[in-house]
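Feature annotations, reproduced from TrEMBL:
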BINDING   Lys104, Lys145, Glu186, Glu187, Phe188, Val189, Glu194, Asn272, Glu273  ATP binding site
DOMAIN    109-302  domain 'ATP-grasp'
Amino acid sequence: MNSAHTIGIIGGGQLARMLYEASIGLDLEIKLLAEGPEVSAARVVHEVTVGDYTDPQVVTDFAAGIDVLTFDHEHVPTSLLTKLEAAGLSVRPGPAALVHAQDKALMRARLAGELGLPAPRWRVCRDAEALRALGEEIGWPLIAKESRGGYDGHGVWKIEGAEQCEEPFAQSLEESAGEKVEIVGEEFVDFARELSVIVARNPHGECVSYPVSETVQEHGICVETTTPAPGLDPARAAQIQRLGRRIAAELGVVGLLAVELMERRDGEVVVNELAMRPHNTGHWSIDGAVTSQFENHLRAVAGLPLGDPSARQPWCTMRNVLGGSRDDLTAELATVGRDGGLKVQFYGKSIRPGRKVGHVTTYGDDLADVQGRARAAAAYLMGLAG
Ligand SMILES: Nc1ncnc2c1ncn2[C@@H]1O[C@H](COP(=O)(O)OP(=O)(O)O)[C@@H](O)[C@H]1O
Ligand SMILES: [Mg+2]
């Protein structure tokens, strides 16, 4: 089995920072193409190029010094990745797979249309009139989404009625990193909760699934996960893990695939969207699983055998720390550190209100205790309590 030694990562956010941490024990070399010298990962990685990931020359020069290209985000233009792959570079995940995480319209067409996998009712809408027609057909409210470029709830609108249908078209960009943006209209799923499953797949087709997580999004941002999802029927959990592996195999994903899901009140699960990189809902795995999502992403893209994704403890809760009123999180370690079972990851970012600046994780066999401790610590770090 040939494996790759030098991994190039595009994007210098916290995901790249945590990938770097995982690379050390594997002795893989990481090169980073970062947006600036002070972004989260650029503060720790020692081989950093600062440049614009939408500039073909910048990315081509960066690619010259690496064995494999992978990502911290999905915003690199698909057409640029296709050219690099055609020129012989290992792009993992490759653009033919990655496009389903970049473009929600294509993702719906492939998963719901071609593969017949469960999804909300949906349609690409050319204009406000088409969105209105969809609402009249399937009922209000609707969800409208930009097909490309969205994240953390940016580019997602809840449309309560016909009078709000202009809004997404007025606000949406026509292009994102040179690719056309469309508006996808979707049935509003009145979900009981959101779930996610993360799978890792290597270029030899080996594929493993993490336990299914329950995830909580507020204002479009993931704020909490609990793994395994409490109360989820084991047969349903196994079915969701199989769904994740099937999507990874059908799309030819190499690396991690996160499948965001919505659980309807009758227990049926529909796919929301895909990500092909480490995912916020997998952060629990750093200490909560035998092999973290970050290590498995690196193993997968390097062509190595995958690590065991099993949980180490019965329950694990991850709570995101969003920027609040405290301006120096490390100074607060003396306080949160009193809970010796609490694990902290700070991202080295400047604090801005609502910005993801870190996360905390707790583990144990008492669900209420595990969730309570994570919530209390995150609230304290956000300046909301204590
Ligand atoms: N069809 C839908 N019905 C109900 N809620 C939805 C729907 N689609 C998205 N959402 C809500 O909006 C959040 C963000 O949407 P998503 O497509 O995942 O965008 P992003 O790329 O910002 O993560 C979801 O996590 C979910 O809470
Ligand atoms: Mg999402």
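Along the chain as shown, residues are numbered 1 onward.
Yeah, the Cβs are placed from backbone N, Cα and C, and that goes for glycine too.
Feature map: annotations from TrEMBL on the structure.
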residue : record           : Cβ contacts under 8 Å, 6 or more apart
Lys104  : ATP binding site : Lys145, Glu146, Ser147, Arg148, Gly150, Val184, Glu273
Glu186  : ATP binding site : Pro120, Arg121, Trp122, Leu142, Ile143, Ala144, Lys145
Phe188  : ATP binding site : Pro120, Trp140, Pro141, Leu142, Ile143, Lys158
Glu194  : ATP binding site : Glu214, Thr215, Val216, Gln217, Glu260, Leu261, Met262, Glu263, Asn272
Taking the Cβ of Glu273 (ATP binding site) as centre, how many other Cβ atoms lie within 10 Å?
17
If the criterion is a C-beta within less than 6 angstroms of any ligand 2 atom, which of the binding-site residues Lys104, Glu186, Phe188, Glu194, Glu273 pass it? List them in sequence order.
Glu273
So what pLDDT does the domain 'ATP-grasp' (109-302) average out to?
97
